[in-house]
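Shown next, in structure tokens, is the structure this report addresses.
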Amino acid sequence: MTAVLQSQQPPWTEVTPASTADKESFAYTSCLSRWPTILTGVIDSLVHASAALAYARNADLAQSRIDEAKSLIESISKLKHDLARNRALEPISFLQPQNSPDPRHYNAVLEAEGPTWFNASWLFAECHLYATLRAIFANSTHWQNFDPFALQKLQTLKSSGKAIRTLANTVNKIIAKSAEDDKKSVTNSAEGQKALFLEMATMSLWGNATDLSLLTSLSYADIQALQASSAEQQQAKARFILANDLERVWDDVFAPLPTFASEQERSKEGARVDIVLDNSGFELYTDLLFADWLLSTGKVREIVFHPKNMPWFVSDVNPSDFRHIIAALLCPEDFFLGEDGTAASSSSKKNSSNKVDTPQGIDPAYFADAQGRPCSPSASYIIDSTSVKPPTTSDISPSPTTSTNIDDNEEEEVEALKKTAARWVSHLDSGRFRLSMPLDAELGQPAGPGGFWTEPMGYSEMGKYAPDLLADLQESKLVIFKGDLNYRKLTSDLNWPSTTPFTTALGPLAGQMNILALRTCKADVCVGLGEGVEEKVKAEDEKWRINGKWAVVQLALRGEKL
């Protein structure tokens, strides 16, 4: 058995963790207001789910679930009460430990140090909060597969319909050009691939599509536009990236890789890339598009995605979210029906018989499966995360067989969305896309080495507490860590000066693998900035560390240490 965590303070440095005791910090604000608001939202999710279950087909079972929800609400209310009154964090226990995460690291620290909510490492306390929530649901009879954040994640995805369909159409065209036999074409040239990489990676960073429309008909003039003549646009975008190693990522990691023309060669000799995921919804969608494009370069054989094995920090991806987004996009006419309407075709909106009629005041999502088709609330994706199965190409909704007067471009985008999702299913079937835990894993199930992602310590100590995970990641050509929480864990969420080199902040993890952090700033910790950068950005934006307007893109190479 590996070592057990004993302290919130990493043993390899004297730099202290961000603390909820610091009233000038975002850690304190989180404990004071953000976390109680999140817990209130969890309670609301149970109230709304119970209201929907009143209309379930199996009334007796539904009533049992409704009754149990009341006791869960009491437990969550107690957690909220203890937090507000600065009580000691309580040990975590699971009634079925063989089917649950192992809480030994959390409980050992509680025994050794006895932290209270307003006198704890921010990272430890926040991880403990979500692990405690998981235990509350895991120890129930009827709510073990309930993700209290599922509706929120679903609504975020649906609200992005217009961008989702536009991006699918655009990236499909890019990938089609990459698949052309002419490997001397602009899209497949060294300059073309680098230009595409910079834009696709930037899309994954910000979760948007700033310049991708330009790339569908890539020419040498377009490359020059991306590299030079669009300098104003590039500079406007780049100025919000306070440290930017993207060019170095391509030049040092991808450019030296051979390009294989045949799938057979690529499957044997191509590189592996890992993505440690952050948010579900539209961000996960852009991550999948980025991964899809990387496969099309001929340099990469597989992408390994690392989700969390439980509801985590509200919006983090778990396996059911991964299953859901692909299943939903295979049938966009039904999934987006009744929302902004931008991802479903006009014909399907007018002619679909799958419209979900729901009682007034209850979200239709409680009466729909993962693809938006009618079902009993007890079988809805929002209430039962196991209701969405690993997607197959047979789930693709048929194209309209009758002619309509709808916009041709709209139909093209919907079909592109289906084609994109179908390609992702093919990637999963062939192993080109792979999850680090089973795709059909249920919430909270043991995740093997991947359970480390929901432990309370920083990633600096991966070798000590998750040596199997470290050994596996060392097989990858590049490990991409997405988002703010992963960045906090990479840097151990310590009070580093902003000029601290990224490799220094990585601690013992530095030099162990090729690491790329793609992070928009939403927490206090930020390292790797040049002299004077913090002072300059602070003069412009006092909340630059936490408002998500600024970003860092930082690379640390294997063997690279200070």
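Note that Cβ sites are derived from N, Cα and C of the backbone, with glycine treated the same way.
Taken from TrEMBL, the feature compositional bias 'Low complexity' applies to 345-355 (among others).
What TrEMBL records for 377-389 is compositional bias 'Polar residues'. Here the compositional bias 'Polar residues' (377-389) has Cβ contacts under 8 Å with residues 49, 52-53, 55-58, 61-62, 65, 145-147, 150-151, 154, 318, 320, 323-324, 327, 363, 365-370, 440, 442-443 of the same chain, all six or more residues outside its ends.
Under the heading compositional bias 'Low complexity', TrEMBL lists 390-404 (among others).
Here TrEMBL flags 33-338 (among others) as domain 'Damage-control phosphatase ARMT1-like metal-binding'.
Among the features that TrEMBL reports, domain 'Damage-control phosphatase ARMT1-like metal-binding' is placed at 451-537 (among others). Broken down by DSSP into helix, strand and coil, the domain 'Damage-control phosphatase ARMT1-like metal-binding' (451-537) contains 38 helix, 12 strand, 37 coil.
Per TrEMBL, the feature region 'Disordered' maps to 342-411.
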Note = Taking DSSP H, G, I as helix and E, B as strand, the compositional bias 'Polar residues' (377-389) contains 6 helix, 0 strand, 7 coil
